[in-house]
């Protein structure tokens, strides 16, 4: 109907007004959805006052100035139709109608086609998937005509990959079954419309997220408490995106945001948790949790905190002697649970053999005196039938694999006094002696001395003094007569009880004679083997005197020998003898009382002139480690002077070094620049006119070569050792001179002061008195060779009588006084070559008087 009507109108207008012509530019139009387009309606002709109108495809007249479809009258001859943001409903034939003043009309039409351009409606990027799941990549395409969709990856059609995991679904989505991390990348969704040759594509980024995996480097971590120690727990995590880490302790989160938390420190990625100043409270199960958008996983770490043992409880105890029992207790903490042991300063109780052992652990000593019970962290030590010797310090030690701790406790035992000391004490008239009464008591005891029932000291016994110390009382007696020898009583009293002990002061005697066992003669010497005197006289032997002479001589030669050195081997050596000569020798012993009986003479004959005895060798390694000083100790010369020593040496399994010849007076040989860490042997032979001695053999090993080597650039590298020593000596002497001059002018002392006093007669600052050691025995160096005894005078003891403080004696005070007698005698032999050199003999002060310890030798 519409077309017929339009045709009639057209014929009408053509027939009536051929002069009006209407054109629309463009004559046709295609618009894509969403695009805009305008059309111009132009009128040609002479008509005036024309009206130009636009009509929509549904025949409605379009109003001017609408929002989306706009009509604008430009002038009398044109009008514009504009379609903004076209949609499918806007398609159709639009008509431009021109009406003249006389009512005639002319029109033109334009067919507007609107199509949907190929577009991607729902194709987000990126699209993320979890590894292992079936991924569907979304790509919705809209167009007027159904498009053809092609999926590409890395420039290739995914279908051509022949990977069965890749499927294009009916809705043109791409499905990837069991997507992998390697499938990640850019996928292109490409649409094509063959009819229009239209093509469009969208690149979609596919991200494959990998669930985290986490593993603890150590599932169990050990630490030690209370050492200021830090421990680090580490978890290694993997996944995509990179997982974030968090930690829990026994299920409670450990926050990573507290800046003032000095206990827990996290690394930058929180994969490491450091626990500072570990203590027992830190022992727990720690869980590290790795989390990302694909999931989470955790791992557990058990922190085991061990603790060194610590003694937590001890208690001192007090008991009475003979009390039935007392128990000492020791408690300790630690992990692992410590074992507790007991000891004193003199015995290790826990390591002693036990008579029994039961559980709970109970150990009893063989004598049944001590019982140790242990259970868990507590141990007790029970002492039965308490003795005073049980008093003192007890140490309990707690030990485990981490360490140990010890704590002391004290057992106080109260007991009546107990007295000890040498019962028999030897001395002689005029010689001071100490009678020692050792006292063991708790509480402290009061000590008294008695003689024949009379309390000492008293006016009847002016030659007696008493010195007291916390552990002993000393009765100093200077016998004046036989009446001073005899019994003395020491009595100690405390609130527990009392105890007395009788001492006997015995008059000492000179020693009996030593017995000569045998004489080993050589050409010019003889070794005399002897036994000590059966009776020492109550005091120790100080020296031995050997006398000898050749048969036919009247006078005896003599020499003194120190008792300590002689008693070590029981041998004295006589020197300066003639070869092939018969001699007699005898011995006597000297103690503080005087020279004892002389032994019977023993005859012997020296050997003829012969080769010398081999020297005795002693080695002393040098500080550098590869040098040695070999000392040559001369033995018997065989009756003929030694001419020289022959020395040869070598490293074992090596060639001998050139022989060294030493003068007869040499007492050592230095071997230098030896091989490091090598074993050497040395042979030394003594030679006289009769021949060579047997070789003395000595073996030694040098040190390993040191690793540190001194720098060549040392300032002293160019100086010899002797030059360096000389420089040091000169510097030292100069310092001494400066110090001596300073002391002379400032303090009136020093070497210059000594010269001034002795040569110039100037009085020294110390000339007001002299020092004298109390009870010190010595032998003079003058011609008389008589023993001299220095004793304290009454004037020296005056301060003590005036109430001054007594000097506390020790084991060397007071000292004994030997009887006056010859110490060394020497005759003038007929032969000048046998003349012995004078010998100086000195006694050892602290050996002058001793109590008799073995009464069988009296």
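Backbone N, Cα and C define each Cβ position, glycine as well.
The DSSP secondary structure for residue 156 (heparin binding site) is strand. Annotated heparin binding site per Swiss-Prot: 152, 153, 154, 155, 156, 161, 162, 163, 164, 165, in sequence order, evidence recorded as sequence analysis.
If you look up Swiss-Prot, you'll see 768-809 (among others) marked as compositional bias 'Basic and acidic residues'.
The compositional bias 'Basic and acidic residues' annotation in Swiss-Prot covers 817-834 (among others).
According to Swiss-Prot, the feature disulfide bond maps to 41-96 (among others). Taken residue by residue with DSSP, residue 41 (disulfide bond) is part of a strand.
Of all Cβ atoms in the protein chains displayed, 24 besides its own lie within 10 Å of the Cβ of residue 189 (disulfide bond). Secondary structure at residue 189 (disulfide bond), taken from DSSP and collapsed to helix, strand or coil, is strand. Marked as disulfide bond by Swiss-Prot: 139-189 (among others).
Non-local contacts of residue 235 (disulfide bond) by the CB criterion (under 8 A, 6+ apart in sequence, same chain) comprise 214, 215, 216, 217, 245, 271, 272, 288, 290, 299, 301. The disulfide bond annotation in Swiss-Prot covers 235-288 (among others).
For 330-396 (among others), the entry in Swiss-Prot reads disulfide bond. In three-state terms derived from DSSP, residue 396 (disulfide bond) belongs to an extended strand segment. Its Cβ taken as reference, residue 396 (disulfide bond) is surrounded by 27 other Cβ atoms within 10 Å in the chains shown.
Taken from Swiss-Prot, the feature disulfide bond applies to 437-490 (among others). Around residue 437 (disulfide bond), the same-chain residues six or more apart in sequence whose CB sits under 8 Å from its CB are 419, 420, 421, 447, 449, 472, 473, 474, 475, 490, 492, 501, 503, listed in sequence order.
Across the residues of the domain 'Ig-like C2-type 1' (20-111), the predicted structure has a mean pLDDT of 85. Look at Swiss-Prot and you will find 20-111 tagged as domain 'Ig-like C2-type 1'.
For 116-205, the entry in Swiss-Prot reads domain 'Ig-like C2-type 2'.
Taken from Swiss-Prot, the feature domain 'Ig-like C2-type 3' applies to 212-302.
According to DSSP, the secondary structure content of the domain 'Ig-like C2-type 4' (309-414) in residues is 6 helix, 68 strand, 32 coil. Under the heading domain 'Ig-like C2-type 4', Swiss-Prot lists 309-414.
Annotation source Swiss-Prot lists domain 'Ig-like C2-type 5' at 417-502.
Feature annotation from Swiss-Prot assigns domain 'Fibronectin type-III 1' to 510-609; the stated evidence is sequence analysis.
If you look up Swiss-Prot, you'll see 611-706 marked as domain 'Fibronectin type-III 2', on the strength of sequence analysis. Under DSSP, residues within the domain 'Fibronectin type-III 2' (611-706) fall into helix, strand and coil as 0 helix, 46 strand, 50 coil.
The signal peptide annotation in Swiss-Prot covers 1-19 and is backed by similarity to another entry.
Taken residue by residue with DSSP, residue 162 (heparin binding site) is part of neither helix nor strand, so it is coil. Cα to Cα, residue 162 (heparin binding site) and residue 41 (disulfide bond) are separated by 59 Å. In this structure the C-alpha atoms belonging to residue 152 (heparin binding site) and residue 96 (disulfide bond) are separated by 49 Å.
The recorded positions in question are 139, 164, 330, and the one with the fewest Cβ neighbours inside 10 Å is 164. If you compare Cα positions, residue 154 (heparin binding site) sits closest to 189 out of the disulfide-bonded residues 41, 96, 139, 189, 330. The record assigns 152, 153, 154, 155, 156, 161, 162, 163, 164, 165 to the heparin binding site, and the maximum Cα to Cα distance across that set is 18 Å. A straight line from the CA of residue 330 (disulfide bond) to the CA of residue 156 (heparin binding site) spans 84 Å. In sequence order, 22, 24, 39, 41, 52, 53, 54, 55, 79, 81, 107, 108, 109, 110 make up the list of same-chain residues 6 or more apart from residue 96 (disulfide bond) whose Cβ falls under 8 Å from its Cβ. Secondary structure at residue 139 (disulfide bond), as computed by DSSP, is coil.
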